[in-house]
Structure formats: structure tokens, C-alpha cells
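> Have a look at the structure that comes next, please.
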Amino acid sequence: MKRIRDLWVRTNLIKKIGIGVVIGLLLGILLPDVTAIGILGQLFVGALKAIAPLLVFALVAQAISHQRSGQQTNMTLIIVLYLLGTFLAALVAVIANYLFPLTLTLNTPVNTELSPPQGIVQVFQTLLLKLVDNPINALATANYIGVLAWALIFGLALKSVPSDFKHLIKTAADVTSQIVVWIINVAPIGIMGLVFSTVSENGISILSDYALLILVLVGTMLFVALVVNPLLAFVLTHQNPYPLVFRCLKDSGLTAFFTRSSAANIPVNLQLCEDLGLSQATYLVSIPLGAMINMGGAAITINVLTLAAVNTFGIQIDFLTALLLSVVAAISACGASGVTGGSLLLIPVACSLFGISSDLAMQVVGVGFIVGVIQDSCETALNSSTDVLFTAIAENAFWKQKKA
């Protein structure tokens, strides 16, 4: 028994997660009625979601309070990459529609408790109001826009106070970081529970019923992750981007795939940035911000399903109109974190461009919920891993420019 325990302790975390995936898959197929196993996954995701807002607040406030005047953070380039990457992902989804046109079988039951936003203005109005949320409420409800805003304000205010107060916030940051390490160490057990729940509740029939739609969604996301993003990285750094790309997908994308939550993956991304030796002053802001606005996967989902609806209803559109859809999808996707239901509930905004009624658009959303088990996992993996990738290549590009 001691030998098994020692072997487990020495095993790499990613290998442990792989073992957890296999065990969860087997249990989901062989013992689907033992629902208690799924609670392990809920506890894991719940723990990450619970600690993440406090971690972000403490780390960002601590970083800002200790930041020296004129210190380089590369945030401008990172934000440009976030927005450009989201737009390019939306554009790739348009091209995928021309190569593999889809149609949908509608009359799908829809969760009527969810209501889509009335337009892009409403999406951004919601985001702006989140900026001025009560700081305690922002922490309690995981409103990361509000958490970031108040952490920046507290950090700036702490610049002018005695060092004892700064030491207090640093202690809080260290304590929350240690708690995150403990939680991540039980990731294999949590992911085993998540895989079990997915398999036992949905089975594998979903793969055959909506195979082509799933293939187009996943294939487009893989193309962005393995071609478009590396191309952006190469243009900026003039170095082989794939070692970094695969590191981000392995260490960030894998956990994000199973947690299906960019917010829950923030602690994982912060740890990865530290392991990569990136500037703390940069990644403590860019990673939580990326979880809010870096939404390439969401833009792909919006465009693929919207254009599938357009094909289904026989609406003819030219490429310029599809290009306009990419802009709308990119802007909408940046607000996906502020909408209940995420990217799927922003599909009616895009459908409205083509005169598709809200009732019909919500049927398209219903199809999205059916494939959501796979779509949401891949979407989150792409979004979250790209947060680290863009942060890293922005810093590499900066130092390359300084040396030149």
C-alpha cells in the first residue's frame, strides 16, 4: 500500500488526471446509477470557483500595491491579441460554414427560464454595471469584472500606506495561493467525478445524433488552437510556437476541458504562468481579464450555429454579410461571461442580423444545449489555454523588441 502511495505522489499531475479520466469513463459506463461518484466532480469545481475570486482579488491588489512606477506590463498588446484572436476565430467559423455547410433539425425543447439579451448594447450595459458592483457582492457572486476593478482600486490605494498593510495583503495572497495548490492536487479525483457525471447522464449517443455539428465545432476550434494561434505567436516572436502552444493546451486546456469553467481555471492558469516564468505584474491582471473577454471559442459557437440556422431557413448571404457576422460574433463573445448561458444565449443576437425570429433562434439555442457537453468543454479549453498563450507571447515579443 505504501509503495502505491509513494508511486502516486511521484507521478506527474497530468498523468494522474489521465488516470482519473479513464477511471471516470469506466465507472460511468459500468456503474451509471452510482450517482454519488459525480459529487466528487461537483466538489472540485465548487472549490475552485469558491477560492478563485478571493485569489484574484488578493493577488491583483498585492501586485498593484508593489508595482513600481513605469513597470512594463504589456497589457495593451495582450488586449489587442485577445480581441484579434476572438475575431479571427469567428472568421474561421465563417470559412468552415462555406466548406462544410450545416443544417439543423429544429423543434427542440428550450429552457424557457433563460432569456437572451436584446442586443449588443444590453450585453455591454450589463458588463459596465458589473464594474461598479458592491465589492463584497462581486466576490460572493464571482463577478470578475467587479473583482478586477476593485482589486485595482485597492492596489492603487495601498501604494501610499505603510508597509505593514502591504504585508497583510501579501500574506492573504500567499494563503489563498497555498489553498489553490491543495485543491489542484486533488484534480484527478475531481475530474474522475466530472467524467463519470458526463458519461452516466448523457451516454455516448450524443456523438452519433449530432456527429457532423460536433465535428465542425470541434474541428474549427482545433484549427484555431493549432494553426491560427500559433501563426499569431510566430508573427510576434519569430520562434517555433508549438512547444508553448502544446504546454498551454496540456497544462491549462486539459483541466479547463473537464471543469468547463474559465473562472474555475483561473488558479490553474496563474500557476502555469508562474511555472513559465512570466511577469507577475502582467499575468495577475491578464489572466482574470482573459477569462472575461478572450472568447475565441464562444465566437466559433455563435457563428457555426447561427450560420447553420441561416442554411436551415434557406437564407442567402454573401461573404461581406458573413464578415459582418464575424464582427458581431466577436463583440458579442467578449460579453459572453456577462450572460447567463454564455455563448449559446448570444446566438439570438447574431440571428437577428438575418431576420430570424427570437422563437426560432431559441430553438437553435436548444440544439446548442444538446451538444453543449462537448461544445462547452472544447470552447472553455480553447478560451482558457489561449489566455496563457497570448500573455506569454506578448511578453516574449516585448523582450525580443528590447534586445533589438
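Cβ coordinates come from backbone N, Cα and C, glycine included.
Annotated transmembrane segment per Swiss-Prot: 17-37, 39-59, 75-95, 138-158, 179-199, 212-232, 287-307, 319-339, 354-374, in sequence order.
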> Go through the chain and flag residues at least 6 beyond the ends of the transmembrane segment (39-59) whose CB is under 8 A from any CB in it; none is fine as an answer.
138-140, 142-144, 147-148, 150-151, 154, 169, 172-173, 176-177, 179-180, 183, 186-187, 189-197, 258-259, 261, 263-267, 270, 284, 288
> As a test: from 75-95, 138-158, 179-199, 287-307, 354-374, pick the stretch that has the greatest number of Cβ pairs under 8 Å with the transmembrane segment (212-232).
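Per the Cβ count, the answer is 75-95.
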> So which of 75-95, 179-199, 287-307, 354-374 is most in touch with the transmembrane segment (17-37), counting Cβ pairs under 8 Å?
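Most Cβ pairs under 8 Å with the transmembrane segment (17-37) come from 179-199.
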